[in-house]
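Listed features, source TrEMBL:
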- Glu355: active site, proton donor (ACT_SITE)
- His386: active site (ACT_SITE)
- Lys514: active site (ACT_SITE)
Amino acid sequence: MALKNINPSQTASWQKIQLHFEAMKSVQMKELFSKDSQRAEKMHIEWSDFLLDYSKNIVTEETLQLFLDLANEVHLKEAISKYFEGALINQTENRSVLHTALRAPENATVLVDGVNVIPEVYTVKNKIKVFSDEIISGKRKGFTGKKFTDIVNIGIGGSDLGPAMAVEALQFYKNHLTTHFVSNIDGDHVTEVLKKLNPETTLFVVVSKTFSTQETILNAATIKNWFLQAGTEEAVAEHFVAVSTNIEKVAEFGIDANAVFPMWDWVGGRFSLWSAVGLSISLAIGFENFDGLLKGANKMDDHFKNESFDKNMPVILAFLSIWYNNFFGSESEAIIPYTQYLDKFVPYLQQGIMESNGKSIARDGKPVNYQTGTIIWGEPGSNSQHAFFQLIHQGTKLIPTDFIGFKEGLHGNEAHHDILMSNFFAQTETLLMGKTEEQVKADLKKQDISSEKASFLTPFKLFAGNKPTNTILIDKLTPESLGSLLALYEHKIFVQGIIWNIFSFDQWGVELGKQSASTILAEIESENVGMHDGSTSFLLKKYLK
Ligand code: F6P
């Protein structure tokens, strides 16, 4: 077995954490801070251009020590080595998990079935570079001799979310090409995108690891038909490229073998933006910047692999997440980036986190007897403060929240940036400190209201505080820092999967939905509703009416 099978809840450290939780569950962080003026000094990690302050958590040094013991008991160190070395840790699909190899340096050696995959990775990277350079410079032209102006990425899930997120996040570094994304099988989506395009100047990148995903294949076919109204079959070769492992299916679709950017089955869809799936990113921001993204991720890989666990950012974030998920019974976690550029960051992470760790079967094939995957949600601040922060501050649920901010804005508008960041710091402080009855009463006293009204209002204006947050403060949003940030969360996912004793790199839960949809599609097409539960039959009949 590539990974050990250890039920975490049966380990000695888990039992100790459970006991420790009983002592910690009503501890007030405020008190921890007043007892130890050095708390933030002790509970932060500075690494490269990142600062992680995790002192605003309901933890003590003992909590962290117990989690370090747990990590040892589940052999985390050994699992990390297996992950990076290409062991078959995706056991249900009998595959290695090697998105980290895609950002490894050229002189690295990573073996899959005894063969070093790094030279192949660099051949594809070079193909991405040459192709991106030719499209951006205008050397490669469309079928009527015009330069390309627009790129359309056709893909879904990991073949869409990563490129779409990164192109948006790094738009400051973008060139003249306009990038569009078609993902949803909803015909209105593709139609709206096509409305904006000129077939003579548009390049289509069909991204599908399997080249059999219904949404992508249908959208690509619809787009090809639209294109053929203007261009010929030969012109397709100049305007359509594919990213896939399935060369045969790509050929069937009519894309030339030379126009295929290969990927490998050891790259999971949700971790694939580092591969040729990132072609749209390279086209949008240029290969140098795309490579910067990879280098930033590689730097974080080194930190994760080599740093001791007590100073290891992904490991600490994973511990904290498990602490709230499994002991405090938190149902979800919020992630709030304080930059509009990271608007698509949380939807991207939702796939990474929830598709990976949304599992209920342990590595021994038996149901787990503890909680696994966390529910992730969030939106950029400060917008989100005016949307759902009320619930985080005063709702009944404990929602540990990651705040991600940057010391510098990109356009140099310091006045805006300082206000943005004052909100960033104010939120974590308020979530920690809350507002006491004395403070509320003192505030109300200053207002011209009756004492009756003041006592009526007091309970509504109280903030319990003691809401845990992590602060991730980064110098500046660059391709490198984005790469590091994405890899930080990837490795957090890995650590959690190891501790929870699940397989993080398959996604069987998505497959069943795909199968049922094709059964129902056949029934809709034949207008013949088959055997379903009462509700589904009822709805299908209504739909067909
Ligand atoms: O959503 C399930 C999934 O299998 C993802 O893991 C993957 O990113 C997506 O579908 C798209 O798959 P493909 O790249 O093969 O079209």
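Glycine is no exception: its Cβ is also placed from the backbone N, Cα and C atoms.
Shown on the structure are the features that TrEMBL records.
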residue : record                    : DSSP class
Glu355  : active site, proton donor : helix
His386  : active site               : helix
Lys514  : active site               : helix
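Here the CA atom of Lys514 (active site) lies 37 Å from the CA atom of His386 (active site). Neighbour counts of Cβ atoms within 10 Å were compared across the active-site residues His386, Lys514; the minimum falls on His386.
Put simply, Lys514 (active site) is 15 Å from Glu355 (active site, proton donor) when counted between their Cα atoms. For Glu355 (active site, proton donor), the Cβ neighbour count at a 10 Å cut-off comes to 22, with all displayed protein chains included.
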